[in-house]
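Take a look at the structure below.
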Amino acid sequence: MSKKFAHTQEELEKLSLKELENLAASMREKIIQVVSKNGGHLSSNLGAVELSIAMHLVFDAKKDPFIFDVSHQSYTHKLLSGKEEIFDTLRQINGLSGYTKPSEGDYFVAGHSSTSISLAVGACKAIALKGEKRIPVALIGDGALSAGMAYEALNELGDSKFPCVILLNDNEMSISKPIGAISKYLSQAMATQFYQSFKKRIAKMLDILPDSATYMAKRFEESFKLITPGLLFEELGLEYIGPIDGHNLGEIISALKQAKAMQKPCVIHTQTIKGKGYALAEGKHAKWHGVGAFDIDSGESVKKSDTKKSATEIFSKNLLDLASKYENIVGVTAAMPSGTGLDKLIEKYPNRFWDVAIAEQHAVTSMAAMAKEGFKPFIAIYSTFLQRAYDQVIHDCAIMNLNVVFAMDRAGIVGEDGETHQGVFDLSFLAPLPNFTLLAPRDEQMMQNIMEYAYLHQGPIAFRYPRGSFILDKEFNPCEIKLGKAQWLVKNSSEIAFLGYGQGVAKAWQVLRALQEMNNNANLIDLIFAKPLDEELLCELAKKSKIWFIFSENVKIGGIESLINNFLQKYDLHVKVVSFEYEDKFIEHGKTSEVEKNLEKDVNSLLTKVLKFYH
């Protein structure tokens, strides 16, 4: 078959069912080929190939809003939308995004979960006000239905009666093992012993019944399917079709045409296999969700093994040690047990650590209640996903001044996932909150010390750490953690000082070493705490060093520069501050090293800028 992928509705309509199936197979090959080289979201995209093809065949992608929840199922859509020639650049610097992106022709940006139905509702309202006949189509996975926002939208959609199609991709998996009553609800009818035996009896009946009775028996079987799975949606006022085989193009196309003709809000419940078409990925929960480059034949990663432990692994081990030492430690993650390292604790202490699915707001508030009851919660969460629970952080933790620990993974630039996932805002949105303490480790030993301190600390506290490994290892001796105390790592008479925070200390040290090779020098401070700052040390520093460079992986606005300038103004100190934090723009995708170079935040670029201040 030609490697050209049909990408218009008209072209797809001309293909036979067999040709469409061949198209699906060739697309799977392409997705596997590209993801094996570039990394990406593999299993979820492989499971949604037929769904995307059917969407493009029944609806008009040029006018009907296609909304992909999270975008983990959008690769086939990209190929059908004419992106075949640049698909090899997926997730690469200046290449095709791994998520939906309006600048690439998609309807809406997506990277965080459970927004699709709300977007569909809003699109419905706009279309109605314009007097147009377009129909929004939202593709959402069963994992995304664990978030409350999806039900807020379904609640309004069912009451609105707008024409809208919600295509539910139920693969009985989210990123990790599915959690909660909703997941169980979606699968219970198909899993019951009664239904399975009933289905077998119907199959035997169909073999012996005359044609006239066969039709009625089939209709009876289909009606039985509706009793349990569809009840939730129908009670909300939505039409319901399914469950149907999400890999049977004929069934999907028929269901979409039926839903389109209804001119009402309709949920089509499809059941798919995550990782379909790549045997090594089928049936796996987390391993093949988001992957790096790998060998297609063996499934083994082709990335050179890093002998250094990741910051996540260090966090996980330290928390295990603390949990065995202090029985009042509890913890939670929102659908990212393996990503945050909390899976090890859930396995060892299932009554003290929980995965609550994609429910960041619930995660934070439930842990606030546990803190109120005398427990010490550790909330393990990606920096970018903490944004989803900001009100709960303020209302339920900060105002109450509760002893809650926020462990913010993936702080700083995270690479190929791009602007929806960069962890560069947490300092800016947490620093203004009264009662909050903020700090960051520079290396493994300091991570251990900070976590021990966080357990003992009174009040809400948050520490951030990077994706991957710490750059620094044992270049500097660790210090005891004391509230609001920094560590002076390199002390001399230079009028220039480097102030580092977290992973920024490593970048500052790399620049300083290059300067020392040129017979230049600078003071190096590990702030450790962003809030409160070590005012005593900084006042001493201001007497000798009049140029301060800030090294921190946060945006400038509300970051370390802002906090330092507030301090200088408070004491009427006159110091020139130069910040190497990120500018006021969203940071796009690409390998972290390439993104840093583009932003002129790599060591060579920073060194060039610093050298201008040496005479």
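Using N, Cα and C of the backbone, Cβ positions are placed for all residues, glycine too.
Values in this document were obtained by computation on a predicted structure and should not be read as measured data.
As given in Swiss-Prot:
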BINDING   H72, G111, H112, S113, G143, A144, N171, Y278, E360  thiamine diphosphate binding site
BINDING   D142, N171  Mg(2+) binding site
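Overlay of Swiss-Prot annotations on the structure.
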| residue | record | Cβ contacts under 8 Å, 6 or more apart |
| --- | --- | --- |
| H72 | thiamine diphosphate binding site | H41, S44, N45, G141, H289 |
| H112 | thiamine diphosphate binding site | V70, T384, F385, Q387, R388, T420 |
| N171 | thiamine diphosphate binding site | S44, G47, G141, D142, G246, Q271, T272, I273, K274 |
| E360 | thiamine diphosphate binding site | A334, I381, F385, L386, R388, A389, Q392 |
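Of all residue pairs in H72, G111, H112, S113, G143, A144, N171, Y278, E360, the annotated binders of thiamine diphosphate, the farthest apart have Cα atoms separated by 32 Å. Under DSSP, G143 (thiamine diphosphate binding site) is assigned to a helix (H, G or I) in the three-state scheme. Around G143 (thiamine diphosphate binding site), taking its Cβ as the centre, 31 other Cβ atoms fall within 10 Å, counting all chains.
In the three-state DSSP reading, E360 (thiamine diphosphate binding site) counts as helix.
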